[in-house]
Amino acid sequence: MHRYRSHHCAALRKCDVGTKVRLSGWVHRVRDHGGILFVDLRDHFGITQIVADPASPAFKVIEKVRSEWVIRVDGEVCARSDEVINATLPTGEIEIFVQEVEILSKSEELPLPVFGEPDYPEDIRLKYRFLDLRRETMHKNIMRRTEIIAAMRRAMQNNGFTEFSTPLLTASSPEGARDFLVPSRVHQGKFYALPQAPQQYKQLLMMSGFDRYFQIAPCFRDEDPRADRLPGEFYQLDVEMSFVEQEDVLATMEPIMRSIFEEFANGKTVTQNFPRISYDEAIQKYGSDKPDLRNPIIMEDVSQHFYNSGFKVFAQILADDENAQVWAIPAKTGGSRAFCDRMNVWAQGEGQPGLGYIFWRKEEEKFEGAGPIAKNIGEQRTEALRIQLGLENGDACFFVAGDPKKFASFAGAARTRVGEELDLVDRECFSLAWIVDFPFFEWNEDEKKIDFAHNPFSMPQGGENALECQDPLTLKAFQYDLVCNGYEIASGGIRNHLPEMMLKVFELVGLSKKVVKDRFGALYRAFHYGAPPHGGMAAGIDRIIMLLQGVKNLREVALFPMNQQALDLLMNAPSDVSSTQLRDLGIRMAPTQKNSS
């Protein structure tokens, strides 16, 4: 018999009754029922119940074991009586009557329990991640992560993509966040950077004559903490294709992404044909470029009902600013003063002066609008609003007014809040859509200049002629995002593969030819030697797994994540290094403010 086990802890069934077996694992819990000891023995695969009575030669050893000790047991498979069968366990019809026990390893008092999975402070969980990962939910999350990544690989390979690994020590380049820098010992005073994404490498692969690339790519960004991104390091399904237009990429990746969601949806429905929604439409209808389409609320421009109306606040806003609009946020079933007042309080908590509203009641076959706005704009305008929005008895509507560029984000948050408060959101589906036609440039108010809105390497719609003739702030890019349930899960674009157009694009944001050649020299050089039209995308693996597992925190689906302060509590990183290491790198630490005072 094997030194440690003949079977794993999820393998044995009723057909194995009478078999002599050997199992090894962790003591999940110990129970004493009238002098008979029951031990749940756990390994990676599952749990098997071990039984010892005082007549067992192993009884005295079993009496000593505690939670999370590692033991080896020899015994005989016995059938459980009908009244004690555990239908929730694959091994629930049997138990092992123990004959011999060996203690392989002991555990100190646990800083967090493995059995029962109560809520525990996250910092404790991260510091003792090796214990946290023993818990059933976390163990399943990580195994599901592995399965999803394997499914991604299979899907990509089945669609003619080849997996390449690109370098992790590369040059620093501005891609929207700070780089993690690695000092060079050989070339002192110079630094490598960990890649924020394999963007330039994957484009260079296309220029090297390869056709369809993918990679499960680690990405490193020194960003301030964000709730929807792991600090420091995350993984993406990175993709690039040669000789493609935008629709080619979408048509190729849509069935791949749909198949991943369908395989792991756990009974939830998945969008079959992903709608294409323009960026402008997404902002106007949903107040977000990553809308949650499970929420049926669609916002509408209702400005026409407020021009020269009795509601002077909105009427004055419209009169003073030609860009001003009034947007309506319909709230089916939200027609109570208590709910409307609650939303008003929420809006004030978001830093807004309030949230105007109307709610409708039907009195003797006639709809009546209630609330200050209805009172001020009059019966005729109130009814016209109700008809435009398709609202009925017991429904409500909230309003925001001003320049949409300034209030769209708040309006989107209000739409989300209304949908959640009224339980309008369909929790049993994954609702996916492509967001297309992103603006190429945006105005940087802090620096008073034009800046890239998204990816600087994308092709402008209209090409060189548009760059020459159009107001840059009106230019659209061949860029697209894939969104699901209110999250951006992938982003991509058709690349600019023409060197002169590349220079023109960067010139518009104030970067000279010299700067472009210094920062993107390899890409710029490659463009001069026959660059194919190409495009691709990158999907956030951690975020996709988070959605599929139904958790709210990315750290629940990552193996050894940092906390929100970018600290690795398990490995105590970042940490001090020795003066010898610094000297080898030619680095001297500047005195801190505390030391210099």
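Glycine is treated like the rest: Cβ placed from N, Cα and C.
Quick look at what Swiss-Prot annotates:
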BINDING   Glu175, Arg221, His454, Arg495  L-aspartate binding site
BINDING   Arg221, Asp222, Glu223, Glu488, Gly540, Ile541, Asp542, Arg543  ATP binding site
REGION    199-202  region 'Aspartate'
SITE      His33  site 'Important for tRNA non-discrimination'
Checklist entry - Of the recorded positions His33, Arg221, His454, Arg495, which sits closest to Asp542 (ATP binding site) by Cα distance? => result Arg221
Checklist entry - Measuring Cα to Cα, how many angstrom lie between Asp222 (ATP binding site) and Arg495 (L-aspartate binding site)? => result 25
Checklist entry - Looking at the binding-site residues Arg221, His454, Arg495, which has the shortest Cα distance to Glu488 (ATP binding site)? => result His454
Next on the checklist: Just to confirm: which same-chain residues, 6+ apart in sequence, have a Cβ under 8 Å from the Cβ of Ile541 (ATP binding site)?
Outcome noted: Ile148, Ile149, Met152, Ile216, Phe234, Tyr235, Gln236, Leu237
Next on the checklist: Treating G and I as helix alongside H, and B as strand alongside E, what does DSSP give for the region 'Aspartate' (199-202) in helix, strand and coil?
Outcome noted: 4 helix, 0 strand, 0 coil
Item to check | Between Arg543 (ATP binding site) and Arg495 (L-aspartate binding site): CA-CA distance (Å) | outcome: 25
Checklist outcome for this item: Here the recorded positions are His33, Arg221, His454, and the Cα closest to that of Arg543 (ATP binding site) is found at Arg221
Item to check | By Cα-Cα distance, the member of binding-site residues Arg221, Glu223, His454, Gly540 nearest His33 (site 'Important for tRNA non-discrimination') | outcome: Gly540
Next on the checklist: Quick check for the class: what is the C-alpha distance, in angstrom and rounded, between Gly540 (ATP binding site) and Arg221 (L-aspartate binding site)?
Outcome noted: 14
Checklist entry - In DSSP terms, helix, strand or coil for Glu223 (ATP binding site)? => result coil
Checklist outcome for this item: All chains considered, the count of other Cβ atoms within 10 Å of the Cβ of Gly540 (ATP binding site) is 24
Item to check | Per DSSP, three-state class assigned to His454 (L-aspartate binding site) | outcome: coil
Item to check | Local confidence of the region 'Aspartate' (199-202) - pLDDT mean | outcome: 96
